[in-house]
Structure formats: C-alpha cells, structure tokens
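Visitor: Feature table excerpt (TrEMBL):
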type	residues	note
TRANSMEM	24-45	transmembrane segment
TRANSMEM	52-73	transmembrane segment
TRANSMEM	93-113	transmembrane segment
TRANSMEM	179-199	transmembrane segment
TRANSMEM	205-227	transmembrane segment
TRANSMEM	248-270	transmembrane segment
C-alpha cells in the first residue's frame, strides 16, 4: 500500500468515455447542415418543382449518411443474456448481470451491467471495445484487458475472438468485416457519382449508378451473412447461452439498399416509358420553357400580315415620279 494508493491526490482519475461516437456526430452534423442549407434556399425555387427538388435532396442525404454511418456502427450483430456469473477471477461471489455482445465491421463491444448496478459495494457497468481494424491488434487489446483486470464475463467473451482461440471466430468476422467495409466504401463512391449525374442532368446513367450502389450494399450484407452463418463456438454462462442475431445496422443497410434499387429501376423505367414525367420530377420541363421564352423575347418581331400586304405592291401600280433640276 502506497500513499494515496499510488496516485496523485490533486489530479482526476481516468477520463470517462464519450457518451457517443464522435464519428457519428460529425456525419450527422454535416448532413443536417446541408439539409438546413437546402431548406433556406427552398423558397427561391419556383413552381411545383420545389417539392420534387426537396425530396431529391432529402433522399440523397439519407442514402449518403447511412452508407457512411454503418461503417462505424457496432451493432451489425447483437445478443444479450441475463445470468448469475462470477464477477472476478479466483472469487466465488456471484452477481446477477446482463451480458451483451455487439459485433461491428471493425471490432466487437462487450457490455456488462449489473442487476442492480451497485452490488458488493461496486458499480457494475462496463462497455469494452476490442478492435480488429487494419491498424489495431486484437490480441494486444485483449492482453491490455487482462492487465487492467476486467471482469471475468467480459474476458470470457473476448477470449472467443482471439487468434489463439480454436473457435476461429476472429478470422471469420475479421475477413467478412473487411470485405463488407470495402464494398460499402465503393457504394459511397457510386452514390457520389449518381448524385453528380442527376445534377448535370444525365438521368439514365444516374439510374445505373444507383443500381450499382444498391448491388454493392447488398453484397456487403452477403459478406457479413457468410460469417454469421458459419458454425461457431457456443458462449455459455451456466445454463444460459448468449445467442446473437442481426442488429439494427444490418437491417438499415438492407432497407437502404432496397431503396436504391427501387429508385434506380424507377429512373430507368420512366426514362424509357415516360421520359416527360421523369423530366418533370427533375424540373427539366420548366427550365426548357423559360429558356425558349427568353430566346424568343430577344428575337426581332415578325412583320404582320398588313405590313406584308403593303410591301408587296404590283410594279404596274407604282406611280412615276419626275424630278426637276434646279
């Protein structure tokens, strides 16, 4: 035992975790700023095209925000179990707690919340993240958890994903997560290209790029599905197993991919069947009419029929004019 338990008395302890992911905050702030800007300039758009323009902006921002956000979410696969577990190693004391497992594309989150939170004069509320992204080492993060003395349930679940574990869950989820992340980044690029094509406007090729965006998003789900449905080791807490299922990010990706698919097919079908209605949605007819009105207003006026009759006089009816030289 050392003075002040090995810490300085006038300095705070470890910094608390931020209540939410700052990456999400940045993405949402940018999208909300763009949406607010579009609302400000909305009164400057004339006619019935105002509503169509606003809907296009909202849908485009929604798709872009989803494709970016799901890269950093940690709920592609989630599971909870309530059990009486050993809180610390080499201790027979049991606590009643909720153990949660949240798997993302770049790592895994393990939560432990007591029922109630305060038991044995301690606050049982943990949320630990173990990453397997490109610049991180999962085994090193697991070793740091052992050194910090994390609760036994968290270490038990985290050990299932180590490279030395015979379950091979680390290899399955790491490879599938990387391929899914790569296809989502490609989907974000195709979404940008489709937005540029619609604004130019090149509607048909914009529809093709939306279809490609949908295909890439659905392929990312297929990659994650391959890891989810492979045989894996059971995570058991006494008689209660920890079972996982698809999380909110998975279903949000599926819904957004289907939305892109429907929009892309709608643009392509309307372009071949009823191109006038498609132009109406993208405010092309009104612009064309205004352009023609501007051009005709600057052209010289055509002579009227009466003026033409006056100018076309027969040569025989012309009067002779004599001039007198002074």
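Cβ atoms here come from the backbone N, Cα and C positions, even for glycine.
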Visitor: How about long-range neighbours of the transmembrane segment (248-270): same chain, 6 or more residues beyond its ends, C-beta under 8 Å?
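Guide: Residues 59, 62-63, 66-67, 70, 73, 75-78, 104, 184, 191, 203-204, 206-211, 213-215, 217-218, 220-221, 224, 277-278, 281.
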Visitor: Hey, which of 24-45, 179-199, 205-227 has the most Cβ-Cβ pairs under 8 Å against the transmembrane segment (93-113)?
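Guide: Out of the listed stretches, 179-199 contacts the transmembrane segment (93-113) most.
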Visitor: Give residue numbers and ranges for long-range contacts of the transmembrane segment (52-73): same chain, 6 or more residues beyond its ends, CB-CB under 8 A.
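Guide: Here the qualifying positions are 21, 23-24, 27-28, 31, 34-35, 38-39, 42, 45, 104-106, 181, 184-185, 187-188, 191-192, 195, 198, 213, 217, 248-249, 252-253, 256, 259-260, 263, 280-283.
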Visitor: Which residues of the chain, 6 or more past the ends of the transmembrane segment (24-45), have a CB below 8 A from one of its CBs?
Guide: 53-54, 57-58, 61, 64-65, 68-69, 72-73, 283
